[in-house]
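Enquirer: Let me begin by handing over the structure; questions about it come next.
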Amino acid sequence: MSLAETLNRARFAGWRPGLPSAQSLLPYAVPAAILLLWELAGATGYLSDTVMPRPSTILATGARMTASGELVNHLGVSAARALAGLVVGGGIGFALGVANGVSRRSELLTDTTLQMVRNIPHLALIPLVILWFGIGEGAKLFLVALGVFFPIYLNTLHGIRNVDPQLIEMGRAYGMNGRTLFRRVVLPGALPSIFVGLRYGLGIMWLTLIVAETLSASSGLGYMAMQAREFMVLDVVVLAILLYAALGKLADTLTRALERRVLKWSPAYANH
Amino acid sequence: MPITEILPRDIAVPVAHPLHSPGARVQLRHAGRSFGGNRVLADLDLEVAPGEFLSIVGKSGCGKSTLLRLIAGLDQPSSGSVLVDGVAANRAGDRLRLMFQEPRLLPWASVADNVAVGLRTGPDPEAVAEALRAVELGDKAGFWPAQLSGGQRQRAALARALVSHPGLLLLDEPLGALDALTRLTMQKLIRNMHERAGFTAVLVTHDVSEAVALSDRIIVLGRGGILSETRIARDRPHTAAELAEIEAGILDAIFAA
């Protein structure tokens, strides 16, 4: 398709570049109002800068640290750790969820053990993990992967278990065997539940990473905040906290977009 | 003398319909099925001729669904044999197709992809389009099942069952969940498809008037096996009074059990 055609189609589809609708901006009205009030409170002296720096101060700090490359560096390190933990923990969780969802024997073998491990708060392992891995990358990867593992494992298992048995019977009656049946019926049927696990897992991913970086690291956002506390640089501490909020929201938005795409057949997503 | 003059004029020349398939023969010999100590079917002999439309009616719990599951190969007889074209039913594969009480469409597949589930071999968009047209869903190929009405979904399920030209169509109360008007339309559609395509059909239903509207033969199943058998000749139209009489006779047989 030529560029002219693409533009033409976009025009006829009612696409307008640039201007988002009032509707799509509405969810950001409350955060914007809070920032505004906060700024005003700081500017008029109700809120001391030594207790809570103003948004404009934090923004300036952010800009300064971005320009020096420091912030981007910490962000990149944290993002890479989060992603690695998500891939490892999520991958193992998905694989075990599938195995235990389709095989009774596999479930008998592993589920009890997994349920026992699940009941240990994974952050309680931090002292042990530091002794094992020191403050290297291994410690962070281990903790994030362990945290992400359970929501994805449990929701994959639950999703597979709850695929409509009538659809499975239909698949068998229409000649589908193990692999085809899994690909065409079981996995698509389990996807909505797997997405719930993924979104929940993303939350745990950030939480774990920040705690791990705060306690033992030499780079990353959590380390940046801890370092700033040592030197009483309040604006950097608050900047880090605001970044957590933004990153969490970003991860959730990306997952939702993916979910809408993959689950577009579902009436629950048809009108979004 | 040209051959056309020897043939009597009124012989209907069979036109090869795109959905045409020779009907399968179903044979049950001393077939029985027990669940634990509970004997649901015992020593049942039944034969369905190629192209015949047979309905099985009876009180709930009489074993009619079990019987259909045996013919579908979803369940094995405890004794005796169930054959489709001489082959054990569970190995008849795609010679037979089953329509359930619910449409059982895959919600994540388009209507066309759902119909394609019924194909024997690889993708065949033309066969799918043909089957959808036959059930008057030609314009719904790209829709999600959730966007269809109940009757449309069951029609898509019918297209899925017939897209591979099966020799035997098994119907497990497929119209039970539909409203009365849609049910009548579906009955007409199924009867039409049966006449055009020539497959053998076995319908399980609790609705005697539906069985009368569709079948060539109706059997009443009860604890003692086949309690009665009624044939309805389809070579001439029946008056409403005749049909009502047939229906009354079958209901009597059911309640006498």
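Placement of Cβ uses the backbone N, Cα and C atoms for every residue, glycine included.
Annotation source TrEMBL lists transmembrane segment at A:25-47, A:79-99, A:119-135, A:141-160, A:181-198, A:204-224, A:231-251. TrEMBL lists A:71-255 with the feature domain 'ABC transmembrane type-1'.
Give me the local environment of each listed feature.
Expert: Listed by sequence, the residues of this chain that lie at least six past the ends of the transmembrane segment (A:141-160) yet keep a Cβ under 8 A from its Cβ atoms are 81-82, 84-86, 88-90, 92-94, 96-98, 100-102, 107, 114, 118, 122-123, 125-126, 129, 132-133, 186, 189-194, 196-198, 200-202, 204-205, 207-209, 212.
Below 8 angstroms of C-beta separation, residues 90, 93-94, 97, 101-102, 151-156, 158-160, 162-164, 167-168, 171-172, 255, 258-259, 262-263, 266, 268 of the same chain, each at least six residues beyond the ends of the transmembrane segment (A:181-198), sit close to that stretch.
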Enquirer: Same chain only, please: residues at least 6 beyond the ends of the transmembrane segment (A:25-47) with a C-beta under 8 Å from a C-beta of the stretch. Say none if there are none.
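Expert: For the transmembrane segment (A:25-47), the list is 53-57.
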Enquirer: Under an 8 Å Cβ to Cβ limit, what residues of the same chain, 6 or more beyond the ends of the transmembrane segment (A:119-135), are close to it?
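Expert: Residues 142-143, 146-147, 208, 211-212, 215-218.
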